[in-house]
Amino acid sequence: MTLTLHSSTSFVNPKDHKGLKTSDDSPGTIYFAQIKPSCRLRAKSSMQETQLLHEKNLMTISDGRRELLHALPNTAHSSTDNKVPVYVMLPLDTVSHGGHLNKPRAMNASLMALKQAGVEGVMVDAWWGLVEKDGPSQYNWEGYDELVQMVQKHGMKIQVVMSFHQCGGNVGDSCSIPLPPWVLEEISKNPDLVYTDKSGRRNPEYISLGCDSLPVLRGRTPIQVYTDYMRSFRDRFIDYLGDVIVEIQVGMGPCGELRYPAYPESNGTWRFPGIGEFQCYDKYMRASLEASAEALGKRDWGRSGPHDSGHYNQFPEDTGFFKRDGTWNTEYGQFFLEWYSGKLLRHGDRILSAAKGVFQGSGSKLSGKIAGIHWHYGSRSHAAELTAGYYNTRHRDGYLPTAKMFSKNMVVLNFTCMEMKDREQPEHANCSPEGLVRQVKMATKRAGIDLAGENALERYDTGAFAQVLATSRSDSGNALSAFTYLRMNKRLFEGDNWRNMVEFVRSMAEGGRNRRLSECDSTASDLFVHFIKEKKVEKTKETLLV
């Protein structure tokens with residue numbers, strides 16, 4: 001049997017989900033597809049109430065009247081110390097270039113589905129390039145206000161990312177959102193405002209940390225600009241902080257991560273598993289390097305970055321700097337890497353300290369994100385981590401200093417690649433995502449801070465979900481305090497993918513123990529999110545959500 005839920009949002013029969021186009025303008029129907037006999041709904045009779053396993057009531061609007069219907073069970077069980085709440089990242093273009101919420105009916109339907117699957121909440125990027133695009137200190141939060149109200153209506157939570165980077169040019173970037181036009185104008189007049197490699201390539205993803213404390217953005221320093229932006233957000237959403245908006249993730253670099261843009265994919269500059277390049281050749285970074293070298297009485301060390309560090313797509317053993325007994329392990333190498341990584345740490349500390357000053361007492365957690373650079377992790381030099389600014393080698397823990405800086409500012413450390421297994425990686429890349437995750441878990445435990453996780457790539461298979469369950473536990477180092485799944489799109493709501501997701505959310509709610517991702521959907525999670533046009537339309541067009 002099939003249970004139909006009429007709503008102001010739209011879901012269609014899963015049998016008709018191919019070749020569909022999105023429509024935002026019509027009410028529709030939610031369908032719970034028939035479940036296989038071994039996992040089916042139980043019904044008393046056609047004259048009695050339909051039951052689902054572990055019944056849960058759903059209130060929804062149909063034809064202007066409230067109807068009480070039986071729907072999917074909320075898989076989030078009563079909270080325990082081991083519960084790991086799951087959030088889902090929203091599409092990058094959740095808010096349009098015009099500043100409005102994109103596809104609000106589709107978003108409403110998606111939130112309903114996620115809520116019924118037991119998902120705690122969602123994450124959204126608050127793009128600097130959208131909010132402050134009209135001019136310095138001119139903020140437009142309208143689209144985000146629409147979203148926050150919708151999330152509240154569904155009884156969910158939201159994590160908001162202060163995204164001070166551009167969208168476009170990296171893994172998973174499906175749209176383009178540059179930095180604010182007035183900032184790009186300043187960059188055009190002074191190209192040294194952005195990171196630069198040794199060949200002189202400029203990277204417009206993020207303002208160079210070399211000018212953090214200089215009034216280069218129309219009389220304000222970048223740190224002041226970021227602080228004013230966060231203060232504007234706080235003032236606009238003060239009534240939601242700590243209740244609906246439970247976390248503020250503070251962007252500190254490309255992709256919102258505290259790192260240098262050492263492996264840019266745009267225009268084919270870098271390809272996996274290249275070592276990347278140091279990003280210290282804008283005039284502000286070069287001046288800092290020169291001053292640090294002079295302070296040590298080693299003026300020659302400050303003339304430039306390492307001359308033997310190779311190019312983006314080389315391997316460690318192809319270079320003099322990163323090879324087994326290379327320059328990285330000399331007195332000069334140690335000086336340069338301490339300076340390069342130290343600049344990044346101080347940058348993070350400045351921004352997080354400013355964020356703490358803005359949001360302290362609001363009730364919302366603060367978090368920051370670190371990149372999961374797992375390739376060449378098995379080499380002595382950890383070359384790819386070094387070019388990104390993490391001074392982590394066979395002989396040195398590069399993540400403990402970062403964790404301690406986060407601890408100082410009372411910030412949750414968010415880390416990626418939680419879904420990856422060593423055996424899935426190409427042998428020639430010398431990867432160890434599992435080893436890297438273990439190291440970061442231990443570092444956060446020693447620093448006394450919470451660790452949250454994300455998947456690095458879009459995955460829907462049981463193997464990836466099972467790996468997240470395993471890494472979420474405290475068997476080695478910190479357990480996860482939360483997990484944010486990347487990302488909400490039409491594929492997530494497809495049959496097997498959705499069943500896997502529902503089972504994963506339930507297992508995370510139970511601490512990730514004594515469960516496995518089952519092939520059978522025992523709680524009617526065969527929910528598909530789709531659109532259909534109004535019944536008055538002669539030929540109904542059915543479209544898949546998102």
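Glycine is treated like the rest: Cβ placed from N, Cα and C.
Computed from a predicted structure; not experimentally measured.
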Where TrEMBL places region 'Disordered' among the ranges 1-23, 185-207: 1-23
Least Cβ-crowded entry, counting other Cβ within 10 Å, from the binding-site residues listed as HIS374, ARG487: ARG487
Distance, GLU257 (active site, proton donor) to ASP125 (substrate binding site) (CA atoms, angstrom): 13
Nearest-integer angstrom distance between the alpha carbons (Cα) of HIS374 (substrate binding site) and GLU257 (active site, proton donor): 15
Proximal but sequence-remote residues of the same chain as ASN455 (substrate binding site) (Cβ under 8 Å, at least 6 apart): THR416, CYS417, MET418, GLU419, ALA464, VAL468, TYR485, LEU486
Inter-residue C-alpha distance, GLU454 (active site, proton acceptor) and ARG487 (substrate binding site) (nearest angstrom): 10
